[in-house]
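Taking it in order: structure first as structure tokens, then the write-up.
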Amino acid sequence: MNLVLMGLPGAGKGTQAERIVEDFGIPHISTGDMFRAAMKEETDLGLEAKSYIDKGELVPDEVTIGIVRERLGKNDCDGGFLLDGFPRTVAQAEALEEILKGLGKSIDHVINIQVDKDALMERLTGRRICKNCGATYHLVFNPPAKENVCDKCGGELYQREDDNEATVSTRLEVNMKQTQPLLDFYEDKGYLVNIDGQKHINEVYADIKELLGGRDK
């Protein structure tokens, strides 16, 4: 089963990815993990990627695509895979089609976890962190017993700058604009399946599991 997982920041991709790979016995392949593994193994492409990352530059598409090609060609992908964080653009999606064609494979589903912007804002701006011990809370989903005070150590809670409304709103807008052409591409291909991510996480996974046909034997 060859899957691509999509969703905006805060949509809950990580939680659902963990469940899918555990239930269906396929590797969870994220862009970050691929880069780290290629750099650790010191492959030619891994070393090339490292040279860009060390300079704080974006890794060019041809290097990223080469690393994806190497990773999908490994034995643990014979029974399928879950791609997360790749592709990000239509050009990368077209390259992925060519990679899979060369491996005699194709995408089964592109799972897009949909959550509206207001709900994402609530999820992403509600996080609070203890200045003292680093414990994480959420004003709605996991609030401290006493406002702005850590349950564990009594330290003061704060909101990271990245989590304020203006920053989160901008990040979501940028992601939406970047993601839409990719969603259109996969919808035209007939791969795209939208999953309602505003339900409880167990209900979201039940919908995904139903799509995938229950537990893979």
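Placement of Cβ uses the backbone N, Cα and C atoms for every residue, glycine included.
According to Swiss-Prot, the ATP binding site annotation covers GLY10, ALA11, GLY12, LYS13, GLY14, THR15, ARG127, THR136, TYR137, LYS199. In sequence order, ARG127, ARG128, ILE129, CYS130, PRO143, PRO144, CYS150, ASP151, LEU157 constitute the residues six or more apart from TYR137 (ATP binding site) in its chain with CB-CB distances below 8 Å. Following the DSSP three-state reduction, the secondary structure of TYR137 (ATP binding site) is strand.
Swiss-Prot lists THR31, ARG36, GLU57, LEU58, VAL59, GLY85, PHE86, PRO87, ARG88, GLN92, ARG160, ARG171 with the feature AMP binding site, giving sequence analysis as the kind of evidence. A simple way to gauge crowding: the CB of ARG88 (AMP binding site) has 16 other CB atoms within 10 angstroms, across all the protein chains here.
Here Swiss-Prot flags CYS130, CYS133, CYS150, CYS153 as Zn(2+) binding site, drawing on sequence analysis. Around CYS150 (Zn(2+) binding site), taking its Cβ as the centre, 22 other Cβ atoms fall within 10 Å, counting all chains.
The feature region 'NMP' is assigned by Swiss-Prot to 30-59. With a threshold of 8 Å between CB atoms, the same-chain residues lying at least 6 positions outside the region 'NMP' (30-59) that come near it are 66-68, 70-71, 84-86.
For the region 'LID' (126-163), the model's average pLDDT works out to 95. The region 'LID' annotation in Swiss-Prot covers 126-163 and rests on sequence analysis.
Using ARG160 (AMP binding site) as the reference Cα, a 10 A cut-off selects none from the binding-site residues GLY10, GLY12, GLY14, CYS153.
For the pair CYS153 (Zn(2+) binding site) and GLY14 (ATP binding site), the C-alpha distance works out to 28 angstrom. The secondary structure of ARG127 (ATP binding site), as reduced to three states from DSSP, is extended strand.
Around the Cβ of GLY14 (ATP binding site), 12 further Cβ atoms fall within 10 Å across all displayed protein chains.
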